[in-house]
Amino acid sequence: MASDQTLFHHCLLTLYIIALPTWISLYFLQAPYGKHNRPGWGPTISPPLAWFLMESPTLWLTFFLFPSGQHFYNPKSFLLISPFLFHYFNRTVLYPLRLSRSTTQTRGFPVSVAFMAFGFNLLNGYLQARWVSHYKDDYENEELFWWRFLAGLLIFVVGMWVNVWADKVLVGLKKQGDGGYKIPRGGLFELVSCPNYFGEIMEWFGWAVMTWSWVGFGFFLYTCANLMPRARATRLWYLEKFKDDYPKDRKAVIPFIY
(Lines of atoms letter the chains of each structure in order from A; the text may use other names.)
(Lines give C-alpha, C1' and ligand atoms only; values in the text may rest on other atoms or scores of the structure.)
Protein backbone atom coordinates (compact mmCIF):
# COMPACT_ATOMS: atom_id res chain seq x y z
CA MET A 1 0.00 0.00 0.00
CA ALA A 2 2.76 2.44 0.95
CA SER A 3 4.64 1.78 -2.29
CA ASP A 4 1.47 2.36 -4.32
CA GLN A 5 0.80 5.63 -2.49
CA THR A 6 4.35 6.75 -3.23
CA LEU A 7 3.95 5.84 -6.90
CA PHE A 8 0.61 7.64 -7.05
CA HIS A 9 1.96 10.83 -5.48
CA HIS A 10 5.04 10.83 -7.72
CA CYS A 11 2.86 10.37 -10.81
CA LEU A 12 0.57 13.20 -9.70
CA LEU A 13 3.56 15.49 -9.15
CA THR A 14 4.83 14.54 -12.61
CA LEU A 15 1.50 15.51 -14.18
CA TYR A 16 1.83 19.02 -12.76
CA ILE A 17 5.54 19.35 -13.50
CA ILE A 18 5.17 18.56 -17.22
CA ALA A 19 2.32 21.02 -17.82
CA LEU A 20 4.42 24.20 -18.09
CA PRO A 21 7.18 22.69 -20.29
CA THR A 22 4.45 21.28 -22.53
CA TRP A 23 2.87 24.72 -22.95
CA ILE A 24 6.22 26.39 -23.66
CA SER A 25 7.44 23.75 -26.10
CA LEU A 26 4.16 23.64 -28.05
CA TYR A 27 4.05 27.43 -28.19
CA PHE A 28 7.23 27.37 -30.28
CA LEU A 29 7.22 23.87 -31.83
CA GLN A 30 4.06 22.11 -32.97
CA ALA A 31 3.66 18.35 -32.81
CA PRO A 32 4.04 17.20 -36.45
CA TYR A 33 0.67 15.64 -37.21
CA GLY A 34 -2.51 16.80 -38.90
CA LYS A 35 -2.20 20.29 -40.36
CA HIS A 36 1.28 20.64 -38.89
CA ASN A 37 2.66 17.44 -40.40
CA ARG A 38 6.26 17.74 -41.59
CA PRO A 39 9.20 15.42 -42.23
CA GLY A 40 12.09 14.80 -39.88
CA TRP A 41 10.33 12.99 -37.05
CA GLY A 42 11.20 9.44 -37.99
CA PRO A 43 9.02 6.59 -39.23
CA THR A 44 5.28 6.98 -39.47
CA ILE A 45 2.16 4.82 -39.25
CA SER A 46 -1.40 5.40 -40.42
CA PRO A 47 -3.23 8.07 -38.35
CA PRO A 48 -6.18 5.79 -37.43
CA LEU A 49 -3.79 3.13 -36.10
CA ALA A 50 -1.77 5.76 -34.25
CA TRP A 51 -4.86 7.16 -32.51
CA PHE A 52 -6.02 3.68 -31.56
CA LEU A 53 -2.68 2.61 -30.08
CA MET A 54 -1.74 5.80 -28.26
CA GLU A 55 -5.15 6.38 -26.66
CA SER A 56 -5.76 2.73 -25.71
CA PRO A 57 -4.04 2.75 -22.26
CA THR A 58 -6.89 4.85 -20.89
CA LEU A 59 -9.23 1.91 -21.51
CA TRP A 60 -7.28 -1.27 -20.80
CA LEU A 61 -5.36 0.20 -17.86
CA THR A 62 -8.58 1.39 -16.24
CA PHE A 63 -10.13 -2.07 -16.57
CA PHE A 64 -6.94 -3.61 -15.18
CA LEU A 65 -6.71 -1.32 -12.13
CA PHE A 66 -10.33 -1.02 -11.11
CA PRO A 67 -10.80 -4.49 -9.54
CA SER A 68 -7.92 -3.85 -7.11
CA GLY A 69 -9.42 -0.60 -5.78
CA GLN A 70 -11.12 -0.40 -2.41
CA HIS A 71 -14.14 1.22 -4.08
CA PHE A 72 -14.57 -1.55 -6.66
CA TYR A 73 -17.90 -2.58 -5.12
CA ASN A 74 -19.16 0.99 -4.77
CA PRO A 75 -21.57 1.79 -7.64
CA LYS A 76 -20.61 5.48 -7.40
CA SER A 77 -17.06 4.68 -8.51
CA PHE A 78 -18.38 3.03 -11.69
CA LEU A 79 -20.73 5.92 -12.28
CA LEU A 80 -17.90 8.42 -11.85
CA ILE A 81 -15.45 6.69 -14.18
CA SER A 82 -18.08 6.23 -16.91
CA PRO A 83 -17.68 9.68 -18.59
CA PHE A 84 -13.90 9.18 -18.69
CA LEU A 85 -14.31 5.79 -20.37
CA PHE A 86 -17.00 7.09 -22.71
CA HIS A 87 -14.71 9.86 -23.95
CA TYR A 88 -11.82 7.49 -24.53
CA PHE A 89 -13.96 4.86 -26.22
CA ASN A 90 -14.83 7.57 -28.72
CA ARG A 91 -11.21 8.69 -29.03
CA THR A 92 -9.70 5.16 -29.16
CA VAL A 93 -12.29 3.34 -31.29
CA LEU A 94 -14.87 5.58 -32.95
CA TYR A 95 -12.63 8.49 -33.98
CA PRO A 96 -10.05 6.25 -35.73
CA LEU A 97 -12.91 4.52 -37.55
CA ARG A 98 -14.19 7.89 -38.79
CA LEU A 99 -10.68 8.78 -39.92
CA SER A 100 -10.26 5.51 -41.78
CA ARG A 101 -13.54 6.06 -43.63
CA SER A 102 -12.62 9.58 -44.72
CA THR A 103 -10.50 10.34 -47.76
CA THR A 104 -7.34 8.26 -48.26
CA GLN A 105 -4.67 9.31 -45.79
CA THR A 106 -1.58 10.62 -47.58
CA ARG A 107 0.31 11.70 -44.47
CA GLY A 108 1.57 9.34 -41.82
CA PHE A 109 1.56 9.90 -38.07
CA PRO A 110 5.07 9.96 -36.53
CA VAL A 111 5.72 6.95 -34.32
CA SER A 112 7.75 9.18 -31.98
CA VAL A 113 4.75 11.43 -31.30
CA ALA A 114 2.44 8.44 -30.85
CA PHE A 115 4.92 6.94 -28.37
CA MET A 116 4.99 10.15 -26.29
CA ALA A 117 1.20 10.29 -26.28
CA PHE A 118 1.09 6.62 -25.26
CA GLY A 119 3.37 7.43 -22.31
CA PHE A 120 1.19 10.33 -21.20
CA ASN A 121 -1.94 8.20 -21.40
CA LEU A 122 -0.28 5.52 -19.27
CA LEU A 123 0.49 8.18 -16.65
CA ASN A 124 -2.89 9.86 -16.78
CA GLY A 125 -4.90 6.65 -17.11
CA TYR A 126 -3.22 5.30 -13.98
CA LEU A 127 -3.90 8.49 -12.01
CA GLN A 128 -7.56 8.89 -12.96
CA ALA A 129 -8.45 5.19 -12.58
CA ARG A 130 -6.58 4.76 -9.32
CA TRP A 131 -8.09 7.90 -7.81
CA VAL A 132 -11.67 6.99 -8.67
CA SER A 133 -11.34 3.31 -7.75
CA HIS A 134 -9.17 3.59 -4.65
CA TYR A 135 -8.01 6.93 -3.25
CA LYS A 136 -11.13 9.10 -3.48
CA ASP A 137 -12.41 9.42 0.08
CA ASP A 138 -15.69 11.36 -0.06
CA TYR A 139 -18.14 8.92 -1.69
CA GLU A 140 -20.11 8.77 1.56
CA ASN A 141 -20.89 12.48 1.49
CA GLU A 142 -24.06 12.02 -0.52
CA GLU A 143 -25.06 15.65 -1.06
CA LEU A 144 -21.62 16.92 -2.08
CA PHE A 145 -20.96 13.93 -4.30
CA TRP A 146 -24.17 14.34 -6.29
CA TRP A 147 -23.95 18.12 -6.64
CA ARG A 148 -20.38 17.90 -7.90
CA PHE A 149 -21.09 14.93 -10.14
CA LEU A 150 -24.19 16.39 -11.77
CA ALA A 151 -22.71 19.87 -12.26
CA GLY A 152 -19.50 18.43 -13.70
CA LEU A 153 -21.38 15.94 -15.85
CA LEU A 154 -23.43 18.72 -17.45
CA ILE A 155 -20.25 20.58 -18.40
CA PHE A 156 -18.64 17.34 -19.59
CA VAL A 157 -21.58 16.32 -21.79
CA VAL A 158 -21.79 19.75 -23.45
CA GLY A 159 -18.04 19.71 -24.04
CA MET A 160 -18.07 16.21 -25.50
CA TRP A 161 -20.94 17.11 -27.81
CA VAL A 162 -18.94 20.09 -29.10
CA ASN A 163 -15.80 17.96 -29.44
CA VAL A 164 -17.50 15.14 -31.38
CA TRP A 165 -19.49 17.53 -33.57
CA ALA A 166 -16.39 19.55 -34.51
CA ASP A 167 -14.39 16.38 -35.24
CA LYS A 168 -17.15 15.19 -37.57
CA VAL A 169 -17.14 18.52 -39.40
CA LEU A 170 -13.37 18.40 -39.90
CA VAL A 171 -13.33 14.77 -41.00
CA GLY A 172 -16.27 15.46 -43.32
CA LEU A 173 -14.42 18.30 -45.03
CA LYS A 174 -11.71 15.86 -46.10
CA LYS A 175 -14.30 13.88 -48.02
CA GLN A 176 -15.07 16.86 -50.21
CA GLY A 177 -13.17 17.62 -53.38
CA ASP A 178 -9.55 16.47 -53.41
CA GLY A 179 -9.41 15.84 -49.65
CA GLY A 180 -7.38 18.98 -48.99
CA TYR A 181 -7.99 21.41 -46.16
CA LYS A 182 -10.86 23.86 -46.37
CA ILE A 183 -12.19 26.61 -44.13
CA PRO A 184 -14.64 25.10 -41.61
CA ARG A 185 -17.84 27.07 -41.26
CA GLY A 186 -20.97 27.04 -39.13
CA GLY A 187 -21.67 26.77 -35.43
CA LEU A 188 -18.73 27.43 -33.12
CA PHE A 189 -16.40 27.47 -36.13
CA GLU A 190 -17.68 31.03 -36.68
CA LEU A 191 -16.19 32.01 -33.31
CA VAL A 192 -13.02 29.92 -32.92
CA SER A 193 -10.60 28.03 -35.12
CA CYS A 194 -10.63 24.90 -32.95
CA PRO A 195 -14.01 24.19 -31.34
CA ASN A 196 -12.92 20.55 -31.07
CA TYR A 197 -10.21 21.63 -28.62
CA PHE A 198 -12.61 23.97 -26.83
CA GLY A 199 -14.99 21.06 -26.34
CA GLU A 200 -12.24 18.86 -24.94
CA ILE A 201 -11.12 21.58 -22.53
CA MET A 202 -14.73 21.85 -21.36
CA GLU A 203 -14.89 18.08 -20.88
CA TRP A 204 -11.90 17.92 -18.58
CA PHE A 205 -12.99 20.98 -16.64
CA GLY A 206 -16.24 19.11 -16.04
CA TRP A 207 -14.21 16.05 -15.04
CA ALA A 208 -12.26 18.14 -12.52
CA VAL A 209 -15.57 19.25 -11.00
CA MET A 210 -16.93 15.69 -10.94
CA THR A 211 -13.85 14.21 -9.26
CA TRP A 212 -13.21 17.33 -7.13
CA SER A 213 -9.56 16.41 -6.86
CA TRP A 214 -6.02 17.50 -7.62
CA VAL A 215 -5.92 14.54 -10.02
CA GLY A 216 -8.83 15.84 -12.06
CA PHE A 217 -7.62 19.44 -11.97
CA GLY A 218 -4.14 18.34 -13.03
CA PHE A 219 -5.59 16.66 -16.10
CA PHE A 220 -7.59 19.79 -16.93
CA LEU A 221 -4.48 21.94 -16.51
CA TYR A 222 -2.41 19.68 -18.74
CA THR A 223 -5.18 19.64 -21.37
CA CYS A 224 -5.02 23.45 -21.51
CA ALA A 225 -1.22 23.33 -21.75
CA ASN A 226 -1.43 20.86 -24.61
CA LEU A 227 -4.35 22.20 -26.66
CA MET A 228 -4.27 25.98 -26.30
CA PRO A 229 -0.85 26.48 -27.95
CA ARG A 230 -1.85 24.05 -30.69
CA ALA A 231 -5.09 25.96 -31.26
CA ARG A 232 -3.09 29.18 -31.55
CA ALA A 233 -0.81 27.57 -34.13
CA THR A 234 -3.80 26.21 -36.05
CA ARG A 235 -5.37 29.66 -36.25
CA LEU A 236 -2.09 31.08 -37.60
CA TRP A 237 -1.91 28.18 -40.10
CA TYR A 238 -5.40 28.98 -41.39
CA LEU A 239 -4.54 32.68 -41.71
CA GLU A 240 -1.35 31.90 -43.63
CA LYS A 241 -2.96 29.33 -45.93
CA PHE A 242 -6.24 31.11 -46.73
CA LYS A 243 -5.09 34.71 -46.14
CA ASP A 244 -7.96 37.20 -46.59
CA ASP A 245 -10.52 34.43 -47.06
CA TYR A 246 -10.14 33.34 -43.45
CA PRO A 247 -12.15 35.37 -40.88
CA LYS A 248 -9.60 37.29 -38.83
CA ASP A 249 -11.96 37.85 -35.93
CA ARG A 250 -12.07 34.14 -35.06
CA LYS A 251 -10.27 33.38 -31.82
CA ALA A 252 -8.08 30.31 -31.46
CA VAL A 253 -10.02 28.16 -29.01
CA ILE A 254 -12.03 30.03 -26.37
CA PRO A 255 -14.81 32.22 -27.79
CA PHE A 256 -14.22 35.99 -27.37
CA ILE A 257 -11.14 35.37 -25.16
CA TYR A 258 -8.24 33.40 -26.70
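Placement of Cβ uses the backbone N, Cα and C atoms for every residue, glycine included.
Caution: TrEMBL annotation is automatic and unverified by curators.
The annotation domain '3-oxo-5-alpha-steroid 4-dehydrogenase C-terminal' is assigned in TrEMBL to 109-258.
Beyond the transmembrane segment (7-29), the same-chain residues lying 6 or more positions past its ends with a Cβ under 8 Å from any Cβ of the stretch are 123-124, 126-127, 130-131, 135, 214-215, 218-219, 221-222, 224-226, 228-230, 232-233. What TrEMBL records for 7-29 (among others) is transmembrane segment.
A Cβ distance under 8 Å defines the sequence-distant neighbours of the transmembrane segment (49-66), meaning residues of its chain 6+ beyond its ends; these are 33, 72, 77, 81, 84-85, 88-89, 91-93, 95-96, 99, 109, 111, 113-115, 117-118, 121-122, 124-126, 128-130, 133-134. As annotated by TrEMBL, transmembrane segment applies to 49-66 (among others).
Taken from TrEMBL, the feature transmembrane segment covers 78-97 (among others).
What TrEMBL records for 109-127 (among others) is transmembrane segment.
The transmembrane segment feature in TrEMBL is assigned to 147-166 (among others).
Residues or ranges marked as transmembrane segment by TrEMBL: 204-225 (among others).
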Stretch among 109-127, 147-166, 204-225 sharing the most Cβ pairs under 8 Å with the transmembrane segment (78-97): 147-166
